[in-house]
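Per Swiss-Prot, the features are as follows:
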REGION    1-83  region 'Domain I, interacts with DnaA modulators'
REGION    83-125  region 'Domain II'
REGION    105-127  region 'Disordered'
COMPBIAS  112-127  compositional bias 'Polar residues'
REGION    126-342  region 'Domain III, AAA+ region'
BINDING   170, 172, 173, 174  ATP binding site
REGION    343-462  region 'Domain IV, binds dsDNA'
């Protein structure tokens, strides 16, 4: 049996799985082949259960492919693989992947769980106790982000450091930041967890410079157990703040202290931020949060209504969720308005009542046919992610919806072909033109494509 068995499995899994899933769940595994048994070691119980639940069939299938009649037994354990023993063959996870350009030095402080408190500094946590994992509504759009955040809360300073969450406004990034903070402090009551908006870091640094207290500023930020910074894109063009955060970032990572960052865009797409910082943002795990799909939007509304002791009929929740697709904050704001109107008037919450209470918001939504809106609608219709439409993937399950979205953008907006191409991952105008012609051809040849196009036009224009 080849000593490279696990490397072969890894190579195939890397091809078959989305990059985020592979990095998050498969790459942390260690493997050891001994006495016809392949032992896979997960860093914690959470990862072990997830891999066994989601990827066991994939792994068993690959073992059958590679080993034929000599398939080894598969065993899962929590922890690290033991030191190399006689007659055993260690198997490492060395598949081709980007490697961080520096080697981290050994930690210069005790491990996270054993780090002593430093009472001479006063830490302002700012973590909102109301935002927890329990009241975060999970769906396909945020499942990976929630799972990564949960693991960081259980094992801060571990494999996913830094954790970088990105996505549009109002999708739950801030909620997850607070949930991680609450999770860490639940495990260790005196944990030094600091949450802040990136602008607060800038303000603190400016104040420290003005008061000749920069050393105290450095000591404060470099001695926390976990630093949670929201909207890191606001560091753009603030060179001195970036310089200081660069050194803070390095110090925290070397000390095994957890860093979690959020942004409205992928790290490499943040303009005005130094390349060395953007590179470091991707050293751990980067996860996108997509706009919630219909089922998740309905669940969010029902949970919010339940928290307010309001009976929300399912058909009303569906009516609201179907018309407000952009983000969680907009959904919750709309529901708050409906609840307030119901309380003021004493009327029952029905679809007709919601039409009246939200008439201006619904009218505005009906006028908003933008490329972003088209992308979200098409992604939801074909049950893929917006990120897939913007990616370089060429499989038919992604390429055809991408062509459909481009054709709809040309049909329903005033954007030029180059502008549409730019909105779809920087493609050129000839790609957009080809997509439009292809969909036009398929609408004549395929009843399904013709129906899809009509349904999407109706949804976007209604």
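Cβ coordinates are placed from backbone N, Cα and C, and glycine is handled just like the others.
Most Cβ neighbours within 10 Å, among the binding-site residues 170, 172: 172 holds that distinction in the structure as shown.
Secondary structure at residue 170 (ATP binding site), taken from DSSP and collapsed to helix, strand or coil, is coil. As a summary of secondary structure, the region 'Domain IV, binds dsDNA' (343-462) carries 92 helix, 0 strand, 28 coil according to DSSP. The Cβ of residue 173 (ATP binding site) lies under 8 Å from the Cβ of 145, 165, 166, 167, 230, 262, 289, each of these being in the same chain and 6 or more residues away along the sequence. Using a 10 Å Cβ-Cβ cutoff, residue 174 (ATP binding site) registers 20 neighbours. Neighbouring residues of the recorded ATP site, listed in sequence order and excluding 170, 172, 173, 174, comprise 167, 169, 171, 175, 176, 262, 289, 327, 328, 329 (Cβ within 8 Å of the Cβ centroid). Per DSSP, the secondary structure of the region 'Domain I, interacts with DnaA modulators' (1-83) breaks down as 42 helix, 17 strand, 24 coil.
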